[in-house]
């Protein structure tokens, strides 16, 4: 079975509809954050597919539209891993500070977290565009080009700066999840009976978030490889970029929502019920 970007978006659409059908998903911070990851990844899949087709047929677009597309893609590419980090912190609070979970993790707090996540996600694109504008290449603003991030990387130091920002975010999020995982392990080992099962389930959830985070963040290492290859061979650069898009952008965004969504019992029951109703009981 072939799974391309359009099919992945259709899967995300179905999951999104299931999440919005029941009020229970609006009262849980975890589901709200999960919906944010679905929306941001769906935007990435749609825009990258559009850019891929236009690049294949060598169809230029106005530079001002490319500015907007680059900003949206840059923000969304950081929203997912940052949101996964917040979801891991939510699990840490639920397990290690259960008495404070209701006070700290409620829908209103989720909105605050979403605002902070999007603000942090905007910083890398601001850095890239600020360095581009500071170089004074005003002639390209009114032209049409094949839209790609390389349009904004004029000097080598810009590419190095972009890679450094990505690695800083990567390190921060990875360390945060590792700390949560270690603390949950300590609590789980000291627990007993039913509490111990809950603790280990929470630990597996955080581990799953770590795996999802690694899949999402793997694309942040791609610019380093691509910048090095671009200096050697343009054709090889194009092939590696396409490979990176399939392996580190498309595949993780196809798999991660299914892995997390189908693992959750509440969500799985609602999704199965929706499939039963949509197929008239012919499935399951």
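Heads up, residue numbers simply count up from 1 along the chain you see.
Any Cβ shown, glycine's included, is placed from N, Cα and C.
Annotated domain 'G-protein coupled receptors family 1 profile' per TrEMBL: 1-260, in sequence order. Annotation comment: TrEMBL describes 31-55, 61-89, 110-133, 168-185, 206-230, 242-262 as transmembrane segment.
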Is it true that the transmembrane segment (206-230) and the transmembrane segment (110-133) have 3 or more Cβ pairs under 8 Å, skipping pairs fewer than 6 apart in sequence?
-> no
Across the domain 'G-protein coupled receptors family 1 profile' (1-260), the model's average pLDDT, rounded to a whole number, is 80
